[in-house]
Structure formats: structure tokens, C-alpha cells
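For reference, TrEMBL has these:
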ACT_SITE  B:Lys97  active site, schiff-base intermediate with DXP
BINDING   B:Gly158, B:Ala184, B:Gly185, B:Asn206, B:Thr207  1-deoxy-D-xylulose 5-phosphate binding site
DOMAIN    B:5-249  domain 'Thiazole synthase ThiG'
Amino acid sequence: MSFFDTLKQYDWEQIKDSIYAKTEQDVLHALNQTQCGLEDFKALISPAAAPFLEQMAQKSMLATQQRFGKTIQLYVPLYLSNTCSNSCVYCGFSHQNKIERVTLSEDQILKEAMAIKQMGFEHLLLVTGEHQKEAGFTYLMGAIELLRPHFAQISVEVQPMSTEEYQQLRQAGLHAVYVYQETYHQENYKNYHPAGKKANFQYRLETPDRLGKAGIHKIGLGCLIGLEDWRSDIWHTALHLSYLEKTYWQSRYSISFPRLRPNAGGFQPNMAISDRELLQVICAFRILNQEVELSLSTRESPTFRDHVFKLGITAMSAGSKTEPGGYAVHTKALEQFEVSDQRSPQEIESMLHEKKYEAVWKDWDRYM
Amino acid sequence: MQQLTIAGQEFNSRLFLGTGKFSSNQLMEEALIASGSEMVTTALRRVDIQNPEDDILKHIDPNRFRLLPNTSGVRTAKEAVFAAELAREALQTNWLKLEIHPDPKYLLADTIETLKACEELAKKGFIVLPYMQADPILAKQLEEAGAAAVMPLGSPIGSNKGLITREFIRIIIEQANIPVVVDAGIGAPSHAAEAMEMGADAVLVNTAIAVANDPIKMAEAFKLAVQAGRIAFEAKLGTQLNQAEASSPLTSFLNL
């Protein structure tokens, strides 16, 4: 059994219809529950919930403060490589795009890491394109072994791997793995991923199962908002989370909400989501699940981030560069997508401080 | 009010504080001071134990507070023992709040691993205060394993639901030969006062203070509630009866 078997029990169109059919009464019912279920969640992400955004935000903020306090964890991505054998139509790193390809050497990784360290970060997210030879398991294992002594927590957002490989990376000090399904629409998935290993929907979908079996501490989920009907994709993300929490109960979970951003491929989103709607999604997730970590990246604008972080978010990236060598090496590599919030980590910390929140730079330790 | 003694050390305050969830370390420090507490726990994972200038530690005055590092985040006895040894070396304290919760959702203590770790850590010379399920048998087993105090939960960590385990805490208190510190779930000063009235030796509070609109004022409220509850316990509360008892007993004439 894996989540693939669970997903087979659901029909995309039926789910979509049931979300859009939710009424004001359904939303009020969901808002009055002590503990929401997945049916209530449909109401909270439906168009019918739009007039109740303020109530949702109030409820979400209180639940977040209760569990996480007035703290926001800060992390930063370190892009190790932009080589990629996939052809995802929405991604700047796509094999099809004629861009300068760079994979950082050990010396370059250390140089980048030290620049990040000087900014104050203890939590590091390693990111690569998906390329077996250039930036596969062996390369990543080397990078983790190299960086482990310098950071309290190392996470990755890289190509999916086997359970055994994840076990080995965990033993080397890997804390968390973020792997986004992009879309849960199995039929249309192949249109966005025409070639490369990522074209295998089932292998990607079962990655969190393999992570759970490997005992990875934290598993990050998400869908790419803008590919398919986002309400349906978000609901399937919640279904995935619910399945994983019950099956791999020792892992912690995190949800991200990446909206499609401009990139080298020039792909235009099929379905836009407004700021109001994105906030609705964040609040709905918090009302559904009080323990899950919710993350907000520098894809979002400073104004949006400054107002929304209080309303459900627990982690933010800051000072991000999305090209390999962006912090210190300065290669000619193109970035994966345009960063919207260009402020430095210290500016983000000051903003949090002004709003009476603590920026948490370290919440794990290398011995754990 | 009697002093509290744990492992030979005396404390004037029976309120222990946690350091998570505050909006700044400065505010945390001010709340710690307002609480009158003398025992403060902090998650090892939040502390840079290689760095004596670590920001959290800078705000916990060692002359005012005993630092009680906790192992929150570990999932097994083996990890807990390793973390404890690192903490002892880096922070120069053998006091430890043992927390093993493999379940990241409700953060409930793993009974089997906690008992195993407590036994090993006590043998290694640690003053172990284990966070535990409100299980009277386990409390006795931890006592036999060398715990310096036991810390049963009132309700799940951070829930602010109060003493939903009160009947089991009552039995633990009744049977214990070591101090009982009610940890987790205390969400209001009245919950803390209730635990103290029941005879708990101390309470540990974090979320209720850190998340309050005014954490400093709330810390003071808890200080007073803990004192009131303890004084009431020492004064011996009247027994609860199901029937009314005349304040002027009907048979008092016999004594005339």
C-alpha cells in the first residue's frame, strides 16, 4: 500500500465539483468545528469561503500562536546545481532551456556555505535540478558530509530517491526532504513532464512513502499553484498529508505554497491565484491541521509576506538566490525563478522584530 | 510557604518556566524575572551549545535561574543519552529534563524509551527530571530508576486544556517519594493553582505565558496562583462532601 493506492479511490472531477458546490452553510459549519476534517476543508478552500476570510485568518492566527508562539523559523536555499534531465514545461532549469549549466564543486559549495553562514543561518536547504550523473545520490552525500559540521539542520529539495538512499542520507545528517508533486492530476501530469524520470507520476507520488519508511524527520509537501485547478490540487495535498500523518506518525510535515513565477522557459500559469485566495489556502490548512509547519518563500512579495506571516506561517526563507553560486561564487548560471522579496535576512529579522515576532535561526542540532 | 527541594537543592519558587514561543528573547527574560521562577528549561536543539554567547543562554541569568536543558526533539533513549552527555559537557550542568516524544503531533512521551533513558542517565550521574504520561505505575518505576522528580502531563503540551489527567496526577502525588512537577497543558493560573492545591510540588508553564497578550503580566499571575495554591495546600483544604454539613454541628451541645 502507498498513497498511490489511496489516490486511486478518488476521482479528480468529482472532488472538484464537490469543492465548488460548497455553500455558506458548509463554511460556517467548518468554522464552528473544534477539529476540521477533509470535507470541512473543501468548504474552507471553496469560493463560498471567500467572504469569511477575516474569520478564517483570526482562527488561523490564534491556532498558530497557540502551537508555535510568536516565532518564525528562517531558512535559506543553497542551489548546488541547475543541470536537469527533466523537461518540465514550467521550470527555468528544464533540459529544453539553453542556459548555462553549473554544478558547484566542493570548494565552491564551501564558499557559498560560508557566505550563508555569515548571514546568520543555521538551517540550510540544498537544492538541485534532477540529474543522476551530475547531481545524484553520491554528489549529494558528499555535499551533506561536507556541510554537516557547519549547520544545525540540513534539508534537501532534489530528485526523488530510493528508501535505502534516503536512509543513508539520514545517517549522514539529513533532516528534512521537500518533494512537491506539482499536480495530483494524473492525466495532465504528463503534459507538464513530457520527458525524464519525473515523467513517472507514480514514482514521484510515492516519494513521501519512501521518506517515511526511511525515517526522515520532516517531509515537505506541496503542489505548484498555477498548473491545474488549484482548489482541487490543494485538497489532494491535504489528503496526502492526512494519509502520511496516519501512516508515518513519527515524521513531521511541512506544506509550501509555491505560485508559478516568471522563469527562462516563459510558461504562463493555466490558472492564476490571487493574494486573497492564497491567504485563504494558508488559513484553511492551519484550521485543518494545527501542527503542520507552513512555509512562505521569497517567491511572494514583501507586502504579502509582511502581512501574511502572522496568519498561519511558521517558516520563511530570506535572502534567497535561486542560481548556483548566487551568494559568493557568482557563476553565470540563470536563476530557477525570479525572487520577489529581495530583502536581506537581517531586514526580514528586523521586520519580524518590529512586529513583535522572534526570528528563529536554529531549531535543531547536528547531533540529533 | 515551604521551600521545594529537588536532589538536595532548595527552591523558593514552585513555578518552573519553559522558554519556547516567546516573541523575543528579551521578552522571555522579562517574563522569567516577573514569574519569580528559579528553574528554567530550554530545548537543547534551540541552543548553540558550542557558543557560550548563544542568544537564549545570554538571557537566562545563571545567578538567578537553574538551567534545566531538555532533550525535546529526540526520539529514542539512545539519542537522549547522547544529547544529555553533550549538554553536560557544554553547559556544565548534570540537571536534565528528559523528554522523549517520537510523535511530533501531540508530543506525547514514549514510556518505554523514557524509562530506559532515565535508568541509564541516573547511573551516569545526571539529575533526571522525566516528562511522562500521567501513569502512576510509571511514576513509581521512574522513581526506582533514579529520577530526581517526575513530571506528569496535565494534558498535551501546549494545549492549555488544564488538568484533564487530574485523577492520575492525584494518585501519583499520593504515592510519590520524590517531587511531582505537573508539566504540560497548564493554560491558566487557575489550572496551576488547582495542581498546587492537590499537592503537586511544582508546575511547569510555557505556552500560557509565552502566548499571552502580555507575557510579563501573565508570568506574575502564575507566580501568585502557584503561591496561593501551595499555601492553600499547606493550610489543608476542607474535605469535599456530597451532603451539606452544618457549620454549627447538631451534636455540639454534648460538649457543653
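Cβ atoms here come from the backbone N, Cα and C positions, even for glycine.
TrEMBL does not curate its annotations; it predicts them automatically.
The structure displayed is predicted, hence computed values, not measured ones.
Each of the recorded positions B:Lys97, B:Gly158, B:Ala184, B:Gly185, B:Asn206, B:Thr207 was checked for a CB under 8 angstroms from a CB of chain A; the ones meeting this are B:Gly158, B:Thr207.
Compute the center of the Cβ atoms of B:Gly158, B:Ala184, B:Gly185, B:Asn206, B:Thr207, which mark the site for 1-deoxy-D-xylulose 5-phosphate; besides them, the chain residues with Cβ within 8 Å of that center are B:Gly18, B:Pro156, B:Ile157, B:Ser159, B:Asn160, B:Asp183, B:Ile186, B:Gly187, B:Val205, B:Ala208. The number of other Cβ atoms within 10 Å of the Cβ belonging to B:Lys97 (active site, schiff-base intermediate with DXP), over all protein chains shown, comes to 26. Site extent for 1-deoxy-D-xylulose 5-phosphate: the farthest pair of Cα atoms among B:Gly158, B:Ala184, B:Gly185, B:Asn206, B:Thr207 sits 9 Å apart. B:Thr207 (1-deoxy-D-xylulose 5-phosphate binding site) carries a helical DSSP state (H, G or I). When pLDDT is averaged over the domain 'Thiazole synthase ThiG' (B:5-249), the result is 91. You'll find the Cα of B:Thr207 (1-deoxy-D-xylulose 5-phosphate binding site) roughly 17 Å from the Cα of the residue listed as 'active site, schiff-base intermediate with DXP'.
Non-local neighbourhood of B:Gly158 (1-deoxy-D-xylulose 5-phosphate binding site): B:Leu107, B:Ala184, B:Asn206, B:Thr207, each in the same chain, at least six residues away, with C-beta under 8 Å from its C-beta. In this structure, B:Gly158 (1-deoxy-D-xylulose 5-phosphate binding site) belongs to neither helix nor strand by DSSP; it is coil. If you measure from the Cα atom of B:Gly185 (1-deoxy-D-xylulose 5-phosphate binding site) to that of the residue listed as 'active site, schiff-base intermediate with DXP', you get 17 Å.
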